[in-house]
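Asks: Copied straight from TrEMBL:
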BINDING   B:7-20, B:G101, B:N164, B:R189  ATP binding site
Protein chains: 2
Amino acid sequence: MKATGLIVEYNPFHNGHYFHAQSSREKTNADILIAVMSGAFLQRGEPALLPKWERAKMAILGGVDIVIELPTLFAVQSSHNFARGSVGILNALGVKSICFGSEHGEVQDFTEHIKLEKEFQHSIDCKVKDFLQEGHSFPKAYDLALESVSTENHLQMLDIRQPNNRLGLAYIEAIQKINPLIKAETIKRKHANYHDEELEHSFIASATAIRKAILNDSREWSQYVPPSSYSEITAYVENEKPLMTWESLYPIVRSKLITTPIPVLSTIYGMEEGLESRLQHAAIHAVHFPHFMELVKTKRYTWNRIQRTLVYLLLHIDKQEANHHLSKLPTYARLLAASSNGRRYIKENKESFTLPILSTFSQGKESLLQIDQRAAYAYSLGYLSTMQVAEGAREFKQIPFIQK
Amino acid sequence: MKATGLIVEYNPFHNGHYFHAQSSREKTNADILIAVMSGAFLQRGEPALLPKWERAKMAILGGVDIVIELPTLFAVQSSHNFARGSVGILNALGVKSICFGSEHGEVQDFTEHIKLEKEFQHSIDCKVKDFLQEGHSFPKAYDLALESVSTENHLQMLDIRQPNNRLGLAYIEAIQKINPLIKAETIKRKHANYHDEELEHSFIASATAIRKAILNDSREWSQYVPPSSYSEITAYVENEKPLMTWESLYPIVRSKLITTPIPVLSTIYGMEEGLESRLQHAAIHAVHFPHFMELVKTKRYTWNRIQRTLVYLLLHIDKQEANHHLSKLPTYARLLAASSNGRRYIKENKESFTLPILSTFSQGKESLLQIDQRAAYAYSLGYLSTMQVAEGAREFKQIPFIQK
């Protein structure tokens, strides 16, 4: 059976994801689609709207064959480590292709871009330094440097301000390093842009707009998700379970920020150049998340970088722990859900996988897995107090969803 | 002006405290009564029912002249360091006597007890080891050892199972070490025992019973406190401010326990012999404080020891920080409230004090003071979210209450 890898967050699984999965299967002629999915916390440093278990189930009902959790430390990362972690796992599970969505949509232009970037690396680096000194964040400085070098030299480069183009580049770089035999493919994203906040008149909308509609409890969103996602989400909400946002978890981060000494805060991964004092100061003055972010916001740090650092603090991930794990690739592949085909693929190919498949938490002894445990506990703290113990315990008790 | 020192918690200030202050003034012929009082957290490892500011004001209205905060790290301690911190501050402020309440009531028996304890130290230590091996907590093992040695040798010793006798011994030992010229006095406690939980038919009741009545919102407690305390407490409650108990702050400690890795928890002061794992395990399973304590409870650790460790975690006090400060005496005397006489005493004697008097937070640069700051912030987290910022800011903005 031929497997293709997808790198996803499914927050939640909607028609755009369904379309991408179908197209990936056709384009790469795949028997099996393996999705590596972020768990409780996402790349942008936010809690996922729904738990990983519900999201993984929706993916299987929407046509994916296997959902593997991207370990939290690799999930809550900027594109480079996010891509390394995801590609590392997909490679270990024997995928022949990885197919990502992008605004650009032509895979050869990604490889061309990477070649040009290498060629002009020195000029780019010099410009980055200049833009950093002007007080820009690193991603912004890099954008500006790239733009300036490509204009000066009349290069045909990708628009890396488009978030999925940027991620796509990171995937291809990771593939080149980890296993160049994996074939990269891309599918042009339909209609919706990642950051679009409003629902439009079609059947595809951005996850951002769909989340907003779900949170506002408007039924308008039903047309943008497969019926299986719709049932899953409404059942979840009807059980009085929370749609998780930073607003629910911020009080915990706030209490940590204001009761932890600065020298200890500065051991947390992501706390650099006095960010710990800035965060503490804002936490002292803000009891609500939007106010906090408003106080913290600065040209120097991107919104995502700040949110990710809050996740590291929430889970008490220190620099030593993070750097230790990030110097390697993920050490396990945690199964969240599978179709019957997916299950067969695992059974038949297990011996050739270069990572152990964990279908229960107790099978893993890795310290990287302890971070996922803390993530599950932290996530459970956003539930009603009567639900917290059971929700935390799901990390150990939940059996992967297997479609018959 | 002749000053006498009192060592207090005033949680809250009641008739028994009033009686003790009056008797201390008479017995030691004092012009000035200086009380060293615990702040946000108490010796037994609990949050104080009301903030230190309200409690200090009640004390002044009840006849005390000066209230100084015992720094949090010295306040949340077993008797030895609690006494060292308190006596250290009183000595620095020039008291001639220290007058404590005790169940026993005869000061010469305390000094005699200490002499005997030194004489029989070796036999006591041996017995302590035996009792520890039987799995008792250290305080319990010490009680049993002392009882056994004093029976064997027909010694007339104090009953140190009585909590105020035990504290009294610690005060006298601290006086002997810090300044033997300070005269120790004791006054026999009237009627109520510390641990009594029920109100009885008189005008004196234990603070425990009074707290219980206040928390149950029964008006029965009014006869047990001076009218000034009654007004202060009712005004506080009418402003929708919380009477603080562990139940309000436990969710924060719980979130820290379940999201902090064991190796980090084990750096916290008080975490010894695997206590960190025991606490984490209980926190995972208990969303309410009584259930948590029930799960943690063991012969090996006293209730107070466990509660104190929770305070250390809540304020992230690590072993290094604690041991650094505890190897010395307190380095400042923070003024919470004063009578006009008290104010004059400070003004006239300031030059001879061996510690700086801080009447605002900003006058202190000590790292010991940072712990008090974290204590104030942690305490503020028990308030309604709309009040938390203002309540936390009191630490910096509140001016000591001065009685005209």
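Keep in mind that glycine also has a Cβ here, set from the backbone N, Cα and C atoms.
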Asks: Secondary structure at B:G16 (ATP binding site) (DSSP, helix/strand/coil)?
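Replies: Once the DSSP labels are grouped into three classes, B:G16 (ATP binding site) ends up as helix.
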Asks: Can you tell me how many other Cβ atoms are located within 10 Å of the Cβ belonging to B:I7 (ATP binding site)?
Replies: 27
Asks: Are there any residues in the same chain, six or more apart in sequence, whose C-beta is under 8 angstroms from the C-beta of B:F13 (ATP binding site), and if so which?
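Replies: For B:F13 (ATP binding site), the qualifying residues are B:R55, B:M58, B:A59, B:G62, B:V225, B:P226, B:S229.
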Asks: In three-state terms from DSSP, label B:N164 (ATP binding site) for me.
Replies: helix
Asks: Among the binding-site residues B:Y10, B:F19, point out the residue whose Cβ has the most other Cβ atoms within 10 Å, with all shown protein chains included in the count.
Replies: B:Y10
Asks: Within 10 Å of its Cβ, which one of these binding-site residues (B:G16, B:N164) has the largest number of other Cβ atoms?
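Replies: Top count of Cβ atoms within 10 Å goes to B:G16.
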